[in-house]
Amino acid sequence: MEEEARPAAGAGEAATPARETPPAAPAQARAASGGVPESAPEPKRRQLGTLLQPTVNKFSLRVFGSHKAVEIEQERVKSAGAWIIHPYSDFRFYWDLIMLLLMVGNLIVLPVGITFFKEENSPPWIVFNVLSDTFFLLDLVLNFRTGIVVEEGAEILLAPRAIRTRYLRTWFLVDLISSIPVDYIFLVVELEPRLDAEVYKTARALRIVRFTKILSLLRLLRLSRLIRYIHQWEEIFHMTYDLASAVVRIFNLIGMMLLLCHWDGCLQFLVPMLQDFPSDCWVSMNRMVNHSWGRQYSHALFKAMSHMLCIGYGQQAPVGMPDVWLTMLSMIVGATCYAMFIGHATALIQSLDSSRRQYQEKYKQVEQYMSFHKLPADTRQRIHEYYEHRYQGKMFDEESILGELSEPLREEIINFTCRGLVAHMPLFAHADPSFVTAVLTKLRFEVFQPGDLVVREGSVGRKMYFIQHGLLSVLARGARDTRLTDGSYFGEICLLTRGRRTASVRADTYCRLYSLSVDHFNAVLEEFPMMRRAFETVAMDRLRRIGKKNSILQRKRSEPSPGSSGGVMEQHLVQHDRDMARGVRGLAPGTGARLSGKPVLWEPLVHAPLQAAAVTSNVAIALTHQRGPLPLSPDSPATLLARSARRSAGSPASPLVPVRAGPLLARGPWASTSRLPAPPARTLHASLSRTGRSQVSLLGPPPGGGARRLGPRGRPLSASQPSLPQRATGDGSPRRKGSGSERLPPSGLLAKPPGTVQPPRSSVPEPVTPRGPQISANM
């Protein structure tokens, strides 16, 4: 104690002994104990001092801003004087909670007791009134020692003189009138049995003064200590702030309406009772003067609610003037409360789900926009589906929200929302966390529908994409298509080479992607050169797999590597990229995929555009290498190609065919443009799946069949000879039992029995003897 008081005396008194401490030492000692008198024991002094001071918690930190500010406020309480209570202390919080419950009880019980009970000297009634009067008087005394929050200046008055002056000017008179101990007076003087009727009515009038305690309740609702109590209950029930505040507002509104109905019902009976129930009042007309108080209260409450809700007058219309004025007053109060209730309820409902309301308003504008431009029904449906998948019924201004946050908090939110992308992407799993954060903070969320071309071959690349969910196809000219799924990325090649797109990427399902612009891409890679080398390695491997090269990437790869750890990471990324390409290759190609809004009928023909002459020669070679009549229907893709070739026969420069040939048609051994070599011991099968798609595959030769050569009259076909043979005849070898050609699919691509199919004809009159592989339709 003395050591704490010595530094406060000043630098010149640092050497003063403890017995020569200045007279201010007792005050300093009292301040050190939290403003509690020194006569109290040391442990109790410290406990009481802690209860009277603000504690460090979420609410105090939100009010004062920091731990240091809370400590300064505690020092202010210690130096303010003895028994000064801080308004944000624990003691004041619990005291206000007790007073709040007691006030609510008085606001409900006192009107009923004053109105419907004549004998008020029963023990329960006396105990309740005495207890209430005691707490109200104690609250009146404590208000002189409790700090006052000045809302205008955002400060707290703790000086005793300032507290006293301000309290006397504001709420002292109301609290004094509402705290008059009428029951104490009746008990001590014992005047209640000898009071005549006039004095008894006067005593009842004094009890009505207790209604002014509603002003104290309103004052408590305005103070932040009640809000602090609500916040603590939020943390207990693990509620969000919006939900908890909305629920509390609903209960407050409903409770206020019921309390006003309760008061109005008591007032409807109190006025006739003070007039000794005249003959024209509603109580006398209904003969309820001597009924029980429960029945009287029920009829009075029904009459009051009928007036307040403006649905009638109750059991009968008012007759006397007091009843008429009470009815008008009830209607005015009820209409006001009803309007307030509707307004608050509407605002509350709108605030509960503002994001969904914004989405609905936005979509109404979109519907009006589509109607104004008279968009077709298919386009409207695609727009509707896009909004459903993009926003999912809620709309936020995410850029504005994230822009208002601090950088660490923004990075934390982005890392949390993109945690699924990071978990499924090896590029981020093996990368520096700083690189991952730098990339994630610059990503932009996008949604694509089935059939959308995310990337178009030959266009200038300005973005690269990371796949969060969805399935996409990479369509490269003259190469097998590659499929990408969750955790993959694409579009980085043109950003690295500053060139054009080397392939097209089409969305097969609804895809949720994150895009990275070229400026952000280069800015991130400048900070992390190791990751640039990893991107270049994967890009070169992808180009190598589709049979393309890039001199810029090769030149960059020839430069020495800055470290050995990067090579290991590059190997992991390349291996995972290859494994993923092989893993998704077996997926069903028709999983919701659409091309320009139409289903793909024969997918191997929609990959790389070829010249019509080349396609004609390929089909012609396939037809000449069959061993029997072609078991394909006239509507099959091969027959359609043959017809298209016959129409364009003789043209020196045929246009591009609007379909794409599969990789095996484009690169098979029959696609030679100079001379047809002797085919190996393999058989060409054109199989038609259940969905109507045709696939060409190389299988082994059938039992007993071997490779054959062209006859003496046969000649090789090339792209410069766009003619088909007139007739194709086989060796008549029987088909294997149980082959796919014996089962007819329901898709309409039916193979007619041998001998009924007319051989395809051409402008060339001479027949060609078939030699080589056999083509059959497996259905």
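Yeah, the Cβs are placed from backbone N, Cα and C, and that goes for glycine too.
Here the candidates are Ser633, Ser651, Ser733, and Swiss-Prot annotates Ser633 as phosphoserine. Both Tyr167 and Met464 are recorded in Swiss-Prot on the same side of the membrane. Scan Swiss-Prot for N-linked glycosylation site across Asn290, Asn415 and the hit is Asn290.
Residues 107-108, 111-112, 114-116, 281-284, 296-297, 300-305, 307-308, 322-323, 326, 330, 333-334, 337, 340-341, 344-345 of the same chain lie 6+ residues outside the transmembrane segment (253-273) yet bring a C-beta within less than 8 angstroms of a C-beta in it. Shown for the topological domain 'Extracellular' (274-296): DSSP residue counts in helix, strand and coil, namely 9 helix, 0 strand, 14 coil.
Residues in the topological domain 'Extracellular' (319-328) partition by DSSP class (helix H, G, I; strand E, B; coil) as 8 helix, 0 strand, 2 coil. Here the topological domain 'Cytoplasmic' (145-170) is broken down by DSSP into helix, strand and coil counts: 11 helix, 7 strand, 8 coil.
Sequence-distant contacts of the topological domain 'Cytoplasmic' (145-170) (same chain, six or more residues past either end, CB-CB distance under 8 Å): 73, 76-77, 80-81, 83-87, 92, 223-224.
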